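This report concerns only the one structure given below.
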Amino acid sequence: MKLKQIKLAGFKSFVDPTKIPFVKELSAIIGPNGCGKSNVIDAVRWVLGESSAKHLRGDSMLDVVFNGSSARKPVSVASVELLFDNSLGRFGGQYASYTDIHVKRQISRDGDSNYYLNGQKCRRKDVTELFMGTGLGARSYAIIGQGTISRLIESKPQELRVFIEEAAGISRYKERRRDTENRIRHTRENLERLGDIRQELASQLEKLAKQSQTAIKYRELKQTERESSALLHVLKQHELQTAANGLSQQITGLERTAETLRIDVEANNAQRNVYRESMLQLVDEEHAIREQYYDANTKIAALEQRIKEAKSRATETNQAQQKLAREIKNKQQELDVLLGELQNETQQFNQGQANIKSQHHIVQGLVDVAQEHQLEFNDISVLKKESELHTTNLRHELALTEQRLLSHEQTLARLISSQAQYQQQVSQTTAAEELAGIEKTKREIAALQNQLAELEEQILEVSAQQGEERERVASHQTHYQEALQQQARLQGQIKTLEGLLRPHQQRNMVWQQLEIQTGWEQATQLLLGQILYQPMVQESPDTEHQPKLGFQVVPALAHQRLGNQVSAPPFHCELNLLPWLHGVQWCESLELAQEQLQTLEMNQCIVTADGYMLGHGFQISCVDGSQSVLAIQHELTELSEQCVEMKQQVLQWHERLQQSQASVQQIEHQLESLNRQKVVVNTEIARRQTNLNMAIQASKSQKIQQDKLKKQSQENEQEILDYQNLLGEGKQKVLGCRTLLSEAEEQGSAFSARFELAQSHHQHAQSELQAEKQKLNVLEKQQGSLHTKLQLTEQKVALLNKRITELVNEQKNLNQKLLHLESQSPVSNESQAERLQSLLSSRLKYQQHLEKNRQEQQALQEIIDTSGLQHDQQLDKIQQLNDGISELKLNREGLNGQLASLAQQAQEQGVALERYSTESIQSHDSARVQERLDKTRRSIARLGAINLAAIEEFEQQQTRKTYLDNQDSDLCQALSSLEDAIRKIDRETRSRFKQTFDEVNKGLSQLFPKVFGGGSAYLALTEADMLEAGVTIMARPPGKKNSTIHLLSGGEKALTALSLVFAIFRLNPAPFCMLDEVDAPLDDANVERFCRLLKEMSQSVQFVYISHNKVTMELADQLIGVTMHEPGVSRIVAVDLDEAVALADAV
C-alpha cells in the first residue's frame, strides 16, 4: 500500500485545487519558512480523522478553511483527498478488491464535516477503522510533526504503550474489549434491576391472582344479571304484546259489527234517496208549471211594453250616434299631439346613440392605458416578490445559523457544567456517605411498609361502604324503572285522548271556552250537542249595532238552570245559546227528575248529571259518554295532572338514583385512589429496595466509577475544545449573513418604492377607467329609457288609430240600425187582444196542476220522515259501537305506551330483543326470572369491592413476568458469551503484545547503537500484567550512565525517538511515514546517521519528510517545492531528481 497523491482545495493556504504526486520512496518537501509546507502534514492528519484544532495548529476547526488574503476572498469549503495504491490488497474487508482507495474529508463554514470513501459518504469511525492496525492514524507513529519527536520519547507509559499496541495490531481489539466491558457492566446492572423487578412482580402477581379470580366471578355474575334482566324485559314485553293483541281482536270484532250497521244505514239512505229523487221530480214539475205560469204573465206584460220600447230604442240610437261623433273628434286631436311627441323623441334617441358611440371610444383608450400600467405593475410585483423571497431566505439562513450557534453555546455550557459535575462527583463520593444513604433508605422502606398497611385497612373499609351503596343503587334503580313505566303508560293514554280531541281542536270553539263542574260533562254534551264544536267570533266595535247573524253566547244564566254549571266569556258564535238553555232545569239523578217532571211546564225540560233529558212526552239518554269531547277533556286534564305528579316522582327517584350512583362513583374513585396510592407505595418500596441494592453494589464498584468519571472528564474536555472551535466558526458565518441581509433589505426598500409608484399609476388609471365606464352606463340607461318611451308613444299612436277606426265602424252600424227601426211597421191592436186572451186561459190551467203536485209532495214527505227516524236509531247503535271501540283503543294505546317504554329501556341497556325466539319466551316464567335476577344481584353485592382492572393487569403482569424471565435467561447467556469473548480477547492481546514488545525491544537495541555509534537502549514494562502495564524507554548513549530519559539532550532524545519509531516500522511498517523537520535538532554527524537509517528504511517504507537541511535534501529522490509567490497562497513545484540528472548529463 502506497500514498500516490494528495488533492487539496481551500485547505489553509492551498486555496486553489492542488495535486501533490508521490512517485518515489523518498520525497522531500522543501521551501522557505511560512510557505505552507507543514500544511501538507496537517492535511493528511486531518483526513485521517483528527478532531482537535490545536493539533492542526488552529483555534477552531474552521481555521483549516482558507480565510482570505489581501487579494483573495475567503472560501466556503475546504477539502483534502488521499489516493492510495492498494494493488497488494493491504486494505482488507470489502476494500481488498480495490486497486485504488480514495479517502476524502470536506468541511464547510456552516460547520458540516463529511467523510467519503471511494466517493461514498461515510462516518469518521469508518475511516479510523479502515486504518486501524496499519499504523496510520491522526496521532499514530507514522506522522511525526514539529516538536513531536522529542515529546514522543517523554510520553507517559500508557501513551507509549499505544504505539506498541498499534504496531501489534491490537488497538482494534482493545477498543472492542472496552465496548465489551461496557456491555458487561450494563448487563450486570440490568440483571440486578431485572432481579428486583421480577421479585416485586412475583409478589404483585400473588395478590393480582386473587383479585383477578374475584373480578372474573364478578363479570360472570354481571353477565348473568344482564341476561336475566334482558329476558325479564322480553317476558314483560311479550305479556303486554299479548294483551294488546287481545284488545286488537276485540276492536276488530266491534268494527265488523259497526261495519254491518253502516251497510244497513247505507241501504236505508239509498231508499231515502229514491224517495228524495221522486220528491225532487215533483218539485221540478212544480217549478216547470210555475215557470209556465210566470211566463204567461210575462208575455202579457211584454205586449203592453213592446211599442213603448220600440220608441225608446230609436231615441237611444240617435243619442249614441251623436256621442260617437264627439269621441271621434277628440281621439283625432290626441293623435295629432302624440305624433308631435313621437318626432321629438326620435330626434333625442338618435342624438343619444351618437353620444354612446363617442363614450365607447374614450373608454377603449383608457382600457389600453390601464393595461400598460397593469403590465408595469406586474413586472415590479415580480421583482419585489423575488427580492422579498431572497431577503426571507437570508433571514431564515441567519436564524438557522444563530439557532445553531445558540445550540453550540448551550451544548458548550452543558459540557462545561458536566465537566464540573464530573470533577465534583469524583471528589464527593465517599464510603461514609454511601453507608449513611443505605441506612436512610432502609428507614424510608420501613416507613413506606407501614403506610402500605394503613392503605390496605382503608381499602377494606371503603370496599364495605361500596357494597352498601351498590345495594342502595339497585333499590333506587327498581323504583325509578317502575316510575318510568307508570309515566309511559300515562303518556300513552294522554296521547290517545289527544288523538281523539285533535279533530275538534280548532281555535276558539265553544267547548274550549266553557268551564264545566265535575260530573256535568255528559249533561252539557247532551244539551248543547253540535253547538260545542262551533267557532267563537269576538264582537267588533263597528258591528255592534248591526243585526246579529246566528246566536250569542251569554255569560250567566238563571238560577237552577244548567247554565249555572256552564260559564263562558262574551264571545259570538254561529248559534245563540240562550234559546237552548231557556226552560232547562237540572237535578242530580234520574229518579229525582221523574218526580219533578209533573211540575214542569210544556216548554220546559230537566237534565240530569248522568246524561238524561226529560220532558212532557220524551226522554233522551246519553249513558255512554266516552265519545263526549267534554268528558275526554276532563279525563285528559286528570291524566295530565297525574302525569305531572308522576314526572315529579320520576325526577325524585332519578335524583336519588344519581345521588346514589354519584356516591358509588365517589367511593369507587376513593377506592381507585387508594389502590393507586397502594400501587405507588408498592412501586416506591420496590424502587427504594432497588436503590438500596444499587447503593450496596455502588459501594463495591466505587473505584470503577471514579475511573469512569475521570475518563469521561477527559473526553468531555476534548468535546469542549471542539465546540469552542465550532462557536468561532458560527460567529463568523453570522456576521457574513447579516452583511448579506443588510444589502438585500436595502435592495428590497428600492423595489418597494418602485412598487408603490407603479401601484399608484395603476390605481389612478383604474379609477379614470371606472369613472368613464360609469358615464357610459348612465348614457346607456338614458338611451334605454328613451327607447322605451319611444316604443310606448308608438304603441299609443297605433292604439288611437285603431280606436278611431272602431268608432267610425260603430257609427256606421248605428246608422244602419236606425234605418231598420224606421222601416218596421207597428203591430195591430186586434192581434194583441187575441194573444192576451190565450195567455189568460193558459194561466188558469197551470194553477190546477200546481194544486195536484202539492198533494203528492205531502204524501212522499211522510214516507221520508219515517225512514229518517229508522236511520237515526241505526246511527245511535253505530255510535255506541264506536264508543266501545274508542275505549278499547285507549286501553291498547296505554299498553303500547308501556311497550314503547320497555323498548326504550331495552335500547338504553343494550338488550338485543331480536335474539329471543317465541318458543324460548314461552318456556320461561317471569316470576322465576325475577327471583333469579334478585339472587344474582345479592351475589354481586356479597362480592364487595371489585378491581375489574385486575384481570387485564394480571395478564399484563404475567406476560411481563414471562418476558422478564426470558430476558433474564437471555442476559445471563449474553453475559456468559461476553465474558468468554473478554477472555479470548485478553489471551490474544497478551500474546500479541508480548510478542510485539519483545520484537520492538530487540529492534531498538539493534538500531540505537547504530544511530549513536554505541550505547544501549531498551523498553521496560511498569507492571507484570500485560493488559494494563505501561511502557517506558531507557536509553544510555555511549559513555553515559543516566538514570532517566529526561536527562538526555534534545538531539539525543530525537535520535532515541527515531530509533524507537524505526524499530516499530521494521516490525509493522506503515504504508508511509511523514516527518516534519525531525532533523532540526541534529548536528551534521547525526544528520548523516539519520540519512543512512532513512535510506535503509525506504526499502520497505515510503517516506515524505520536510527539511531545511541540505544533507537531508540530497537524500530525496523527489523534491516537492512549496512557494508563496502570491501572499497567503501556497503553490507546488515538483522536481524529479533522476530526470533532472539525466537532463543535465544530456546537456
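Cβ from N, Cα, C; glycine included.
These come from TrEMBL:
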- 3-1130: domain 'RecF/RecN/SMC N-terminal' (DOMAIN)
- Pro32, Asn33, Gly34, Cys35, Gly36, Lys37, Ser38, Asn39: ATP binding site (BINDING)
- 170-264: coiled coil (COILED)
- 293-348: coiled coil (COILED)
- 431-500: coiled coil (COILED)
- 629-726: coiled coil (COILED)
- 762-905: coiled coil (COILED)
Return the count of C-beta atoms lying within 10 angstroms of the C-beta of Pro32 (ATP binding site), excluding that atom itself.
11
If you count other Cβ atoms within 10 Å of each one's Cβ, which of the binding-site residues Gly34, Gly36 has the most?
Gly36
Reduce the DSSP letter at Cys35 (ATP binding site) to three states and note it down.
coil
Do the coiled coil (293-348) and the coiled coil (629-726) share at least 3 Cβ pairs closer than 8 Å, excluding pairs fewer than 6 residues apart in sequence?
no
Tell me the Cβ neighbour count for Asn33 (ATP binding site), meaning other Cβ atoms within 10 Å of its Cβ, over all protein chains shown.
6
Taking the Cβ of Ser38 (ATP binding site) as centre, how many other Cβ atoms lie within 10 Å?
19
The domain 'RecF/RecN/SMC N-terminal' (3-1130): mean pLDDT?
76
Give me the sequence-ordered set of same-chain residues, not including Pro32, Asn33, Gly34, Cys35, Gly36, Lys37, Ser38, Asn39, with a C-beta within 8 angstroms of the centroid of the ATP site's C-beta atoms.
Ser13, Gly31, Val1122, Met1124, Ser1130
Test of understanding: give the count of other CB atoms lying within 10 angstroms of the CB of Cys35 (ATP binding site).
18
